[in-house]
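Written out below as structure tokens is the structure these notes cover.
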Ligand code: LLP
């Protein structure tokens, strides 16, 4: 059941696939995901939840590739979506609408309408204005929307500020005081069944305490609602489980996480929803990239890769650490590099002063822990086409996204030849 830790992964093979041969076949930059590692993560979480009325709604934003979503569908998972695009991805991958929850602070009218038409399980509602929009749109369609209020518990998730979501100054959710008013006015809602609670305090969480605190607050509110006669059919505890990006990162074991949930929500007999993203896919992915050249600068040596911040934005956005490992079986002396991409920004840096086995132009290198928020956050900045993606499974591999062509990248653009006045 144990996922091999990144240390024990052989650096020439991943999920039984020879990475040098793989890169030779598909080119670089190339994202490679291990299906077995993803299945192991799913199974581990499912085991921890055994016996509970729980649905894992995978957070599509972490990695929305069709083949990845199909793995989730095959394992019986649902989806946590934040846009009509993610709704379509989830549906096309075979995730049943009744296992789809819709989160996000800025759902527009069309997206709300599409989600209603698809028959999703529920909306995680983030503001009173949104609640009214859902009421109006459901009314126009003669539908009833199911809704959960996203509680902002004002808890510090002790993670990077840019991925912290549960403090009162963050844009997400509403206070318990406001949620109480929504439930008190529940009878005025004719097209929305408000019978759920939702909380998501942040991402890459490595400590149980913030979870415990947030869930205790949500549980106290649930008990209050129950005593006031408001039915609460589901409690969605969000995602956020952290992964091991580097030596020293101590992650939360699924059993410990679930124990905290069980304890906080003791007595709750409705459905539990979970929205993990990163936990299921991050460590199952590597970004394969080639060394274009070594540049000896005045102050330091630069390892210039053919992958850049447009392929993997996490280091430049969050100063995130990703292990960088040459794909090679041979022992080499250590060297110190700034590992950079070709994009014309100083921020296009994957690592600074990193000790690595010495590299040469043409070497294949992998950037680990990139299965989550890697390809899904990629752009074509500097007019660099989107990288290809492959799925690995016990020695086999399948291309799941071909490299974007230049024509595909430019599709949709045209000269300003047809001027109109409004
Ligand atoms: N549920 C909601 C409502 C969310 O906003 C998120 C992530 C998740 C679940 C899944 O969280 P996870 O289990 O993956 O931590 N781009 C950033 C992470 C942004 C997370 C956004 N929300 C990064 O690369 O670290």
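Going from the start of the chain as shown, residues are counted 1 onward.
Every residue gets a Cβ built from N, Cα and C, even glycine.
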Listed co-binder of substrate (same site as 278, 314, 318, 345, source TrEMBL) among 211, 245, 373:
373
From 240, 329, 412, grab the residue that TrEMBL records in the same pyridoxal 5'-phosphate site as 275, 276, 277, 278, 373.
240
Whole-number Å only: compute the distance from the Cα of residue 278 (pyridoxal 5'-phosphate binding site) to the Cα of residue 61 (N6-(pyridoxal phosphate)lysine).
9
Around residue 278 (pyridoxal 5'-phosphate binding site), how many other CB atoms lie within 10 A of its CB?
25
Of the recorded positions 61, 240, 275, which one has its Cα closest to the Cα of residue 314 (substrate binding site)?
61
Which ones in the same chain are close to residue 277 (pyridoxal 5'-phosphate binding site), with CB under 8 Å and 6+ residues apart in sequence?
58, 59, 60, 61, 62, 63, 80, 203, 239, 372, 373
Candidate with sparsest Cβ neighbourhood (10 Å radius) among 318, 373, the listed binding-site residues:
318
Measuring CB to CB from residue 276 (pyridoxal 5'-phosphate binding site), give everything in the same chain under 8 Å that is also at least six residues away in sequence.
45, 56, 58, 59, 239, 240, 241
Need the DSSP three-state call for residue 278 (pyridoxal 5'-phosphate binding site) to compare against my parser.
helix
